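Written out below as structure tokens is the structure these notes cover.
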Amino acid sequence: MDPRQPTYSRSTGSIRNNDRSAVANSTDDDSLLDMTVDTKDFHHRHYDLDGHGRHFGLEGHRYDNGSEDSGSLQGSSNIMDTLDDLPPGIGQYDDFHTIDWLRDIARDRMRHRHIVKKRQEGCWEQVKGAHDAWSGWVCVLLVGVAAGTCAGIIDIGSSWMSDLKEGVCLEAFWFNREQCCWSGPSLNSTSMNEDSDCDQWYSWGRMMGSGAGGAGSYIIGYLFYILWALLFGVLAALLVRMFAPYACGSGIPEIKTILSGFIIRGYLGKWTLLIKSLGMMLSVAAGLSLGKEGPFVHVACCCGNIFSYLFPKYGRNEAKKREVLSAAAAAGVSVAFGAPIGGVLFSLEEVSYYFPLKTLWRSFFCALIAAFILRSINPFGNDHLVMFSIDYNEPWTLQELIPFILIGALGGLFGKFFIKFNIMWCRYRKMSRLGNYPIFEVLGIVFITALLSYPNPYTRMNSSELIRLLVSRCGPEDDTEICDYKRSSNITDPFKWSALAGAGVGSAVWKLALALIFKMIITIFTFGIKIPAGLFIPSMAVGSIIGRIVGIGVEQLVVNNANSVFFSNICESQGKCIITPGLYAMVGAAAALGGVTRMTVSLVVIMFELTGGLEYIVPMMAAAMTSKWVGDALGRESIYDAHIALNGYPYLDHKEEFTHTTIAADVMRPRYWRYGTGVRNDPPLAVITQDSMTVEETESLLRNTEHNGFPVVVSRESQYLVGFVLRRDLNLAIANARKTSEGVVSNSIIYFTGHVPVDPNGPAPLKLRKILDMAPVTITDQTPMETVVEMFRKLGLRQTLVTHNGRLLGIITKKDVLRHIAQLRNQDPESILFN
């Protein structure tokens, strides 16, 4: 079974009815399937999915002191007579539901006003107010420390296990290859073997007694490489399958959806954090064409979610919690690339839906702390925070903008190619029987990757090491084939100047071309399998190969035409020319990553922080913009947006424009003929009256419908709107009243009004005005859908009620808006959305 099956199977119920009413009166077969449960089931489900062993009281509806100023959010200041207190769970959200941004933000403002008022009552209240003020900074501080610590452990573990495929350090097995050679004899040792960097490092062929450099040593190393890769791959898949199905993939599409206001319980829990961290080490060590940098965002957001529950200000308010998660996303990119500023911009540009100014400051602080902790751990052992630091600053010329733009166009083409075929493969996996065997798919991908990557040294090495090699400049100490140039000893500092390529460079170009084809194809099948897998590093690896090949070609073109007038500002006298192929690899990495993710500003900042190449911002900007233009011309979706659409998450992209001329009457449910002719083509709207329905009638309505909320009207005849009540809150309040309040029976009248008539001979009334939203967002039936879509995007609505001359006509939910947009694009919403 697909480890993500809970998401998919639940999406036919909860995701498809994710709004406050989840199409409160939709009568088709896409209604909520699992909501007709009793109060006990609600509590158990809440505990299980939340994973924190707690339930939440109602914040923002009634404060402990019960004062008039601290009444309900809707403005009611009367204390409930029937219920001593509102039952736990009211005001919270179920799994796979959309949050109400307006309600949660208003709750926080009311909580803040209450704290400010209480400060006048004494020193202790002032201390509590100060604690509330700095709790946000303390929370992001803890998140930054945790994210940096997790990143350091993951970097060290993945590096050690990656080298374990090729050998082991006998005297200190916990050292990776580089650390082993630091502690061992000099590289000039006479006993050093050809297949080893130092005496202390033993390849598996050497361990088995095979001679260095022979066929036997190669075959043994080949077999151990495949066996270790299979072991790491199956362990990663089993851990994800058994303990945390949400730990697979990169997590960024889901993080974007969660930050837009969607609830996915357990996706940011403790088990997901643990398994994601272990799985990242194993999947990277398996040698797959994936990276751990993207999943760092998921890991950091798990830390943010866990620590937010230490502070009720964030733990009890989903909208406030997303401020912490935005800061955590910035910390994730900060520790992934050593780029704290780029992390903040990435959170702002790519993942965050709501990003107020104070979140910008806290994101910067969180990213700073995370980078500081990672620098203190020093996982790379080079006293550098960046992964691919460069040690050159050769100038670039105006003519080189032509190949830079060409590389950007190739990056955009690669992005479109990858997105199209990866989505095709993921859709096939989802619809076919292959999705039922995720472990076997992982084993197959690992085996094919290890089998084909070992013979080529550029695919055998870790992707991060490959990028580091390609963006570097050939120095005097480099004797690799990619640095085989015919340099003249007559020139001062010959390694500064370009030279004719030797036979080794030609061989390296062919191997890099094969590595490029292999990585482009295998990454399509790797991204999306059921293990932790990121896309940043594989995309950058593909782009750096493209850039290095183009750079070598430009270099040889210039060297062979050094006397050309066109290259007069590149070459000096005596044919001395300066072309840096490593710069082209750096530009290519930015172009390919931009083509896949469609990032621009944050991408350029990440790249210059990543490499330290501040002088090369203009080439990277040119390549990034060209990549985005070419990619957008072929299709505007990034890989993350494409996966959001594939999985059917309710995400309204604020970067897209709605240009159609439809109105609210065309989209609302129940459907009426346009312009309110009074002829219905849907069953009538399910409503609750404010003062005439009994408990039994209300419970019958709850049993016979599967909507997530109900409009409350004055009477069925008038249909004048009073407010809106959530199904969850209504269920909990009725169940709690039956258990705790005497006199509440099946024929008790439910009142949503402030004044309740006294009937000494009748049953006790049930007053539920406290759970009524008396200020729901409403529009008229003639409101343009362009305005409605902007309201959903900018205000974060779950639903809006449609009226005509003050009378309730219908409802529009976020799901309805998404389905309407899909239909206008000539797409089938039943096959694309919420599947």
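Just so it is clear, glycine is given a Cβ too, placed from its N, Cα and C backbone atoms.
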What range among 351-375, 401-425 does TrEMBL describe as transmembrane segment?
401-425
Considering only Cβ pairs within less than 8 angstroms, which of the stretches 215-240, 273-290, 437-454, 535-554 has the most against the transmembrane segment (401-425)?
535-554
Would you call the transmembrane segment (599-618) and the transmembrane segment (324-348) in contact, using three or more Cβ pairs under 8 Å, pairs 6 or more apart in sequence?
yes
Cβ contacts under 8 Å made by the transmembrane segment (437-454) with residues that lie 6+ beyond its boundaries:
2-3, 221-222, 225-226, 229-230, 232-234, 236-238, 241, 286-289, 429, 460, 518, 522, 525-526, 529-531
With Cβ distances under 8 Å as the criterion, find the stretch in 134-154, 296-312, 324-348, 535-554 that has the most pairs with the transmembrane segment (575-593).
535-554
Report the mean pLDDT of the predicted model across the domain 'CBS' (772-830), rounded to a whole number.
87
Sequence gap of 6 or more, Cβ distance under 8 Å, 3 or more pairs: do the transmembrane segment (324-348) and the transmembrane segment (134-154) meet that?
yes
Are the transmembrane segment (134-154) and the transmembrane segment (296-312) close enough to be called in contact, which here means at least 3 C-beta pairs under 8 A that are separated by 6 or more residues?
yes
Of the residues in the domain 'CBS' (772-830), how many are helix, strand and coil by DSSP?
24 helix, 18 strand, 17 coil
Looking only at the domain 'CBS' (681-740), what are its DSSP counts of helix, strand and coil residues?
24 helix, 15 strand, 21 coil
